[in-house]
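TrEMBL lists Ile11, Gly12, Ala13, Gly14, Asn15, Met16, Ala72, Val73, Lys74, Pro75 with the feature NADP(+) binding site. Annotation source TrEMBL lists NADPH binding site at Asn59. Annotated domain 'Pyrroline-5-carboxylate reductase catalytic N-terminal' per TrEMBL: 7-101, in sequence order. Feature annotation from TrEMBL assigns domain 'Pyrroline-5-carboxylate reductase dimerisation' to 167-271.
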Amino acid sequence: MTDSQPTVAFIGAGNMAGSIFGGLVANGYNAQRIIASDPKPDALAKLQASLNIRTTTDNREALAAADIVVLAVKPQVMKAVCCDLAPHLKPGTLVISIAAGISAASLHTWLGGNQDLALVRCMPNTPSLVQAGASGLFATPSVSDKQKQQAESIMAAVGSVCWVNNEEDIHAVTAVSGSGPAYFFLMIEAMTDAGVAQGLNKDTAARLALDTAYGAAKLAVNSDVDVVELRRRVTSPNGTTAEAIASFENNNYRVIVANAMQACADRSRQLAEQLAD
Ligand SMILES: NC(=O)c1ccc[n+]([C@@H]2O[C@H](COP(=O)([O-])OP(=O)(O)OC[C@H]3O[C@@H](n4cnc5c(N)ncnc54)[C@H](OP(=O)(O)O)[C@@H]3O)[C@@H](O)[C@H]2O)c1
């Protein structure tokens with residue numbers, strides 16, 4: 001990345017924002033072109049010392065210096081934060097919201113209702129905290145190709161990025177990647193418990209289950225064949241894995257997963273309605 005980088009202001013410097021600007025700095029982004037705004041001066045002082053980024057407790061000051069604003073406060077305070085910033089938003093500023101469940105329409109209204117407002121909604125996930133996230137992005141029509149590229153390279157600092165063309169698809173993104181880490185944590189938990197039930201001690205079962213999940217994901221990410229083929233390769237006919245897979249299939253594992261993800265997307269729609277203005 002070069003010194004012609006845009007200045008990015010983060011409104012809210014908590015976990016998710018910290019992982020994004022931490023990732024940007026680690027990737028060589030000019031730290032002086034990152035401003036974090038948050039009510040906690042102590043936390044900001046630590047960020048300034050560790051990352052050399054600029055900090056402020058004044059959201060408007062951060063906005064004034066920014067080409068791109070990342071809204072990274074909790075959904076419950078988003079309306080108040082946006083309404084406060086709205087009169088100070090400069091034309092041409094790209095706004096990226098990482099808040100779960102807040103629609104582009106609500107953000108647009110709260111940010112002053114300007115037709116030309118360039119707004120990107122992003123649904124990140126918690127592995128972003130270790131730069132292994134998967135984010136879904138949606139751009140409103142006023143976002144230029146250059147701004148899309150800018151939004152993508154910011155979120156790419158913490159993992160992979162996929163665009164969706166319809167905002168409605170953000171609910172499906174929530175069901176796949178937003179909530180997805182918890183499904184894998186549940187699987188690790190269940191495998192650990194089953195290993196203990198078969199006689200392993202808890203630490204051994206937990207270590208084996210966790211490292212197997214990590215190894216399987218790493219193998220899949222680095223492989224040139226898809227997960228269906230990888231599964232086929234560990235499933236010898238009449239072997240041990242074949243018995244396990246048959247048990248999963250006979251117990252409707254795919255239906256269980258599909259139902260869980262449908263419940264997730266339905267809840268995401270419900271929460272979005274509650275948070276809408
Ligand atoms: N964590 C996730 O896995 C995840 C996944 C997807 C999306 N998100 C979204 O990411 C956003 C941030 O989540 P998070 O987990 O990073 O939360 P967080 O750690 O609580 O960070 C939010 C930060 O904003 C600060 N803040 C509160 N009011 C503010 C204001 N008026 N102006 C500026 N800053 C203010 C908070 O300070 P105080 O602590 O003093 O209130 C806190 O430091 C949320 O909208 C969430 O929906 C998170």
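Glycine is no exception: its Cβ is also placed from the backbone N, Cα and C atoms.
Curation does not apply to TrEMBL; its annotations are automatic.
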How far is it from Lys74 (NADP(+) binding site) to the residue listed as 'NADPH binding site', counting Cα to Cα, in Å?
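A Cα-Cα distance of 15 Å.
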Quick one: of Asn15, Asn59, which of the binding-site residues has the smallest count of other CB atoms within 10 A?
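Taking Asn15, Asn59 as the binding-site residues, the minimal 10 Å Cβ count falls on Asn15.
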Which one, from the binding-site residues Ile11, Ala13, Ala72, has the smallest tally of other C-beta atoms lying within 10 Å of its C-beta?
Ala13
Over the residue list Ile11, Gly12, Ala13, Gly14, Asn15, Met16, Ala72, Val73, Lys74, Pro75, recorded for NADP(+), what is the maximum interresidue Cα distance in Å?
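Among the residues the record ties to NADP(+), max Cα distance equals 14 Å.
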Specify the nearest of the binding-site residues Ile11, Ala13, Asn15, Ala72 to Asn59 (NADPH binding site), where nearness means the distance between Cα atoms.
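Checking each of Ile11, Ala13, Asn15, Ala72 against Asn59 (NADPH binding site), the shortest Cα distance is to Ile11.
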Kindly report the helix/strand/coil residue split of the domain 'Pyrroline-5-carboxylate reductase catalytic N-terminal' (7-101) according to DSSP, in that order.
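Final tally across the stretch: 46 helix, 19 strand, 30 coil.
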Tally the residues of the domain 'Pyrroline-5-carboxylate reductase dimerisation' (167-271) by DSSP class, grouping H, G and I as helix, E and B as strand, and everything else as coil.
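Once the DSSP states are binned, the domain 'Pyrroline-5-carboxylate reductase dimerisation' (167-271) shows 86 helix, 0 strand, 19 coil.
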Could you pull the average pLDDT for the domain 'Pyrroline-5-carboxylate reductase dimerisation' (167-271)?
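Overall, the domain 'Pyrroline-5-carboxylate reductase dimerisation' (167-271) comes to a mean pLDDT of 97.
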So how many other Cβ atoms are close to Lys74 (NADP(+) binding site), meaning within 10 Å of its Cβ?
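Summing over all protein chains shown, Lys74 (NADP(+) binding site) has 12 other Cβ atoms within 10 Å.
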